[in-house]
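The feature disulfide bond is assigned by Swiss-Prot to 124-129, 193-315, 495-498. Summarising the annotation, Swiss-Prot assigns domain 'Thioredoxin' to 449-579. What Swiss-Prot lists as signal peptide is 1-16, and the listing cites sequence analysis. Summarising the annotation, Swiss-Prot assigns topological domain 'Periplasmic' to 17-177, 317-336, 389-396, 441-579. Residues annotated as topological domain 'Cytoplasmic' in Swiss-Prot: 199-229, 275-295, 358-367. Per Swiss-Prot, the feature transmembrane segment maps to 178-198, 230-250, 254-274, 296-316, 337-357, 368-388, 397-417, 420-440.
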């Protein structure tokens, strides 16, 4: 009996002690209290400014926030001032969430008072998730805010400043900085962008049947440089006036083909196949005037300088891109003209010095002049190969170079004498011709060498980019970015450095490993369409290749832009600083 009494006493005591456990019920805030929402309209009616006050312990999903105008299919992109946090969610896995207040911007045209905007968002707390919440806002009912939210710009990291941005940003601190472009041009003269101009200048000065004197050589070189400077000056004026990137236009396939035909014609004329001259009737009228001049080739030197400027400018380098960006941002015609003129003048000074000092050590004129003239004909033929390789399929580049090199070595061997040192050079030239002809043999006989099969049958890179067509699609894609950063690659089929990025940099295993944590986007700029131009104007893109990086708020990371080719190691280190 005592045991039975003790048993019931313990049972009732346990129920009494734990009665509060069954009576207690966990309560959650209402959705409007957990995520207090408000919205205003900017004074220019281009921004709908949204604000969420998030209660402690609650969070909003970044990818669940959306907005659209009622009756229109295009969603509005969101740009937030706060960074999202990574959160391990029991329902969705690893997601990006906001745990504090949010200030966001929806861009659009909110001019019609009767238009309505639907804003949808969803949040959770520990142990409980709210269904998606939708707010329908009438534009005419929104309060107009005098304070316009400015999109957040990530602070500049000097370790990440590209050469282009350093140049463009630093130039605004000094009115005299434009004269630094003269020094910049001196260095740029020794880059691959300008090297093709040296043979052209030499062909004009020493490729004559008569040996030019010092004054004539200087005059021809000076006019050549002034022609080149005029091209760059006009380029600076155009960029300053309308801000459009003319490098893209100059790299259009039609322009490349036209320049190639021009240089082939010039090369053939140097081989003696024909003579390029004015019609006889016009030439006779100009004979009297030309006889008064030191030579009739001065106009040709000036014109060739202009052409050389066009050939060099499509080769986008970081200094030239920075100069154009500086000019575009200044919007001043005088600054644009002087900046590019000084750049071209600096590039031309080494050419003039080389011409003058080279001319002094030349031997007396003779048959060797025809050999030199024909040699420069081959140099001119190299320019069409270089230009056409940008627009032809990749397999054609080695074939064109092989054909040109083979013909050159055979021709060079035939120029050598059969005695002594000349005979040795002849044998070496024929041997080199046998080596350079191999790509042509592979093509003709369809033998699959390792190099050819690698180019034609194997993918260059396993990297998969999401293709973007316009700015609207870019904004939508960035808003849904599941990674910490996004990369936008501006690519074109005619861009040599773009192909080098794909073949040499993006294919690197270390770079591909880093790409797993980056949203990879790509825009084809091949056709230079209106959508392409809109993207270039929005991001001040001056040429290709250009690679942009964006943060979690869909803003370009200041100083992270890459212009010009970068090898795998350098590019990997660049990305490492961003991740």
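Cβ atoms here come from the backbone N, Cα and C positions, even for glycine.
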Query = Minimum Cβ neighbour count within 10 Å among the disulfide-bonded residues 124, 129, 495, 498: which residue?
reply = 129
Task = Could you tell me which three-state DSSP class residue 495 (disulfide bond) falls into?
result = coil
Ask   = Between residue 124 (disulfide bond) and residue 495 (disulfide bond), what C-alpha distance do you get in Å?
value = 48
Task = Give the distance between the Cα atoms of residue 495 (disulfide bond) and residue 129 (disulfide bond), rounded to the nearest whole Å.
result = 50
Note = Taking every residue in the topological domain 'Cytoplasmic' (275-295), the average pLDDT works out to 48
Key: Helix, strand or coil at residue 124 (disulfide bond) [DSSP, three-state]   = strand
